[in-house]
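Shown next, in structure tokens, is the structure this report addresses.
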Amino acid sequence: MVDQRGGLTKVYIFFNLLSFLMMDSLPKQTLNPNKHLKEQFVSNLDGSSILEIAALLTIVPLLVLLRYSIDFHWKIDYNNGGNAVSSKKNDDEIVVYRNWKAYTNAISLDFIFIVFPMLLFFTVLSEWVYLGAVLLSLLLLILSVTAKRSSSGLQRGPSLSFRASVSSYRVALMLITCLCILAVDFTIFPRRYAKTETYGTSLMDLGVGSFVLANAIVSRQARDVSSGNWITGLKGTAPLLLLAFIRLVTTSGVDYQVHVTEYGVHWNFFFTLAAISILTSFVNIPAKYCGILGFSVLAGYQTWLISGLNTYLLSDERGTDIISKNKEGVYSILGYWGMYLLGVHLGYRLFYAKHSNIRSTTSSIARVFLVSLLLWIVTILLDNYVERISRRTCNMPYVTWVLAQDLQALGIFMLSSYIPMNKLSSLEEAIDQNLLATFLLANLVTGMVNLTVDTIFASPFSSLLILTAYAFALSAIIGTIHFSGSRLKFW
């Protein structure tokens, strides 16, 4: 349908012209001969059960807490032993390590106890997820009890509180993402963990939703801190838009495989984050009201979906206009924005409101688990009686599922307050100081591997070897950057 209003018509023509310039005029290079096979390899999947994903996402924080506990038992202190010098600026801490040997030992142990087991459970040990969660829980319980007795009542220091737990949560999310974006192209990565086509749940379905929620919980809005006017907000969005267009141009330029039904023909993860940032800049309300607005947006969007929009979004129908070509990415903005607003409200109420103590105390941990339990109940009801969970449309059941799952994981990380002398591991500190750099580096290496290796034809041994080398190289590079005292922050 042609819009009769001149302003909208100009916008329509502009976006279609942009699409033509960026997609149709770029020469295609034959750097990816198995592109279509790789696209089919990650298409038409149904996912796994909610319970299995919950068990898998329980293992990740358990591995981190076990690393803390083992660190205490071995009485390793690489910061002091390595003659670390730290300085604080604008509430951010950068640690400069002077002892390279001690630091490399710490990074290596972090890789052995955290990253490598995660990789194994995502691939060759995927059939042992439930048993792994139970055994790791029992092991952590034993180590925590013995550590508490050995410490003579020594508790966690004041510098490591709720903020440290959130840092661990965000780092774990980044590690999961970095491992999965390459592992999914190998046969040893279970297809049930890859993104679902229409309805269902999988490990990778949590990705973009978890990033949106993590940003919401620690946002200035959730902390009730002034973020300036809408002009400032738009300026902050510019880097995201730049990254979005860079990804669009590069993937098109090398004819890289794209799962079109994930976001659309041109859309990508960075466009979604930029859209949320723009909406938040224009509709900037206090955190205590974000819950009402977020629920209203989600309720309206869900009503629209079950009234027929979901049929269109999940169909193969695509018009020639830019919105139709990117219908999944464009319409799902409403769901992700609603999720962001709810995340801001929950972050404010659970951690930053005046009545809340942001230290990882028993009461705050209990509140997080209670809210998570309530969200699990709501998710099950919505999934059974309203509409099945769909990451592709970002419907209300998907939003509540992400909230429930991530708050559960965050609650487990907050249990670290019961591990005496616990501190963030060296690898966690390194990634926490360079989150975006880690993600961009992982995407770059993933692209290089896919363009040089026939991943879908690699043997299980070769696949595991490549993934292990990739994970270790990523850890080593980010660790080296952190060791030098640098922080790759782009805005």
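Glycine is treated like the rest: Cβ placed from N, Cα and C.
As recorded in TrEMBL:
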TRANSMEM  7-27  transmembrane segment
TRANSMEM  47-66  transmembrane segment
TRANSMEM  102-122  transmembrane segment
TRANSMEM  128-147  transmembrane segment
TRANSMEM  168-189  transmembrane segment
TRANSMEM  201-218  transmembrane segment
TRANSMEM  230-250  transmembrane segment
TRANSMEM  265-285  transmembrane segment
TRANSMEM  292-313  transmembrane segment
TRANSMEM  364-386  transmembrane segment
TRANSMEM  398-419  transmembrane segment
TRANSMEM  461-483  transmembrane segment
Cβ contacts under 8 Å made by the transmembrane segment (168-189) with residues that lie 6+ beyond its boundaries: 38, 41-42, 60-61, 64, 114-115, 118-119, 122-124, 203-204, 207, 210-211, 214, 218, 406, 409-410, 413, 416, 424, 427-428, 431-432, 435, 438-439, 442-443, 445-446, 449-450, 455-456, 458, 460, 463-464, 466-467, 470-471, 474
Same-chain Cβ contacts of the transmembrane segment (201-218) under 8 Å, 6 or more residues past its ends? 45, 47-50, 53, 56-57, 122, 166, 169-170, 173, 176-177, 180, 184, 192-195, 269, 272-273, 276, 336, 339-344, 346-347, 351, 389, 391, 394, 398-399, 401-403, 405-406, 410
Recorded stretch that, among 47-66, 265-285, 292-313, 364-386, 398-419, has the most CB pairs under 8 Å to the transmembrane segment (102-122): 47-66
Can you tell me which parts of the same chain pack against the transmembrane segment (265-285), counting only residues 6+ beyond its ends and a CB-CB cutoff under 8 A? 19, 22-23, 208, 211-212, 215, 221, 227, 230, 232-234, 236-237, 240-241, 243-244, 247-248, 258, 293, 318, 322, 325-326, 328-330, 332-333, 336-337, 340
Would you say the transmembrane segment (461-483) and the transmembrane segment (47-66) are touching, if the rule is that at least three C-beta pairs must lie under 8 angstroms and be 6 or more residues apart? no
Tell me if the transmembrane segment (364-386) touches the transmembrane segment (398-419). I count contact as 3 or more CB pairs below 8 A, with pairs 6 or more residues apart. yes
